[in-house]
């Protein structure tokens, strides 16, 4: 697979005069070179791929990745180039199961193209199942160290996700990276360390929060394991924190999100727009529920979760618990939902407290991701949000407590579904992504916590980009991360629309359009060429040799 870069100067983003990228030493490679002759372009790309990293200066303590609100944990980081900075998610297997960078040459060219388009940086999953695969406390950071150097050479910045979850089995998962083998050994010995539904199905995506403080992982608690991992990461990349590595997103559940795995797609367990199921049936969660029921003076409430909550693929009105005036609105319903959501909040609080202690003073921004569960939002019970752990109903705000918890740790709230409009959703699903985003925006403002965003699904159309830009302007997003870098992104029309979108975001959400001269393929276009199937031009063949 080869990547061809053809560009003029039309979309080369000017650097901020304050940027360190304007003050690199003489031998450092330029971030992008745009000249009409193919040989010169290729020499520039080779130089970018081979040159050593430029020395990093100590970050100024007043600079931040995310916008206007000072975060307690973020003392540094180069300022963005203005407007709303756009990051792009790298492929899930950028660092593969063996701990090596995948498709390195194509990645280097892609990074240069992103930089030329004005993108601020990239996001990458730092997989627990890759780094600590050899055994407890045995960390292999070398693939990620190579990636950090590549990103530095390209003049970009990194959002690095502490991914303590499994990859595989959810929307968009294109590879399979399980939890570390030694963790799976513990799972075989004690299946209750992962989430379990009412039917007894185990979900190996993430360790159950019910055993957060119990030594179930070779003598360590899950929170201790996560802390040791983050501490090792900090020590290995200390010279890049706050500069090249601008943000650390702390994984808090399946897909890295603060939620329960209530809607797993693996094996057809769930399908949109099903309500999902509560995940509180491992022995550790059941013990906590029983203790909470006794403390509430209703011991019988702790014997099990709700008996009338239905199944994964059902609709709210098909269940006794979630229907219009169902069990969710009773005293018992309030008790259970408060306990269930409270356990999730406590989990986030524990892990983020550890992250804050570890990364405090390093200059990086901390962030955490909250899922955009927009289906059945227009019903009274908000069933799909409830099973995921967000106690959000017609009468109870489930996002204020989350925002307040994040604010205590100086953590940015990263929210999904920013590209969605209500009118584009199926009528029978009761969706309202726009109202949901408005509610989360209000919760973030009330808690004085920064709000960043992502798109939930791959979108390349102007409607999606326009919706993101409008939301960014209205909500005051501190950053936006685009899902995801792949061959579709670099395809002609998709790429030109994306470049225009980045420019719009840099202008603060004021929409811009492509000039007439960019209606062809002359301006910044990147296309993947299948070497096995297509006859390549000489320039393509040269690019393939990078």
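Placement of Cβ uses the backbone N, Cα and C atoms for every residue, glycine included.
Here the Cβ of residue 257 (active site, proton donor) has 23 other Cβ atoms within 10 Å, regardless of which shown protein chain they belong to. Annotation source TrEMBL lists active site, proton donor at 257.
Packing around residue 454 (active site, proton acceptor) is summarised by its Cβ count: 22 other Cβ atoms lie within 10 angstroms of its Cβ, all protein chains included. If you look up TrEMBL, you'll see 454 marked as active site, proton acceptor.
According to TrEMBL, the substrate binding site annotation covers 125, 165, 173, 369, 374, 416, 455, 456, 484.
For the binding-site residues 374, 484, the ranking by surrounding Cβ atoms (within 10 Å, all protein chains) places 374 first. The Cβ of residue 125 (substrate binding site) has 92, 94, 161, 163, 167, 256 as same-chain neighbours under 8 Å, each 6 or more residues away in sequence.
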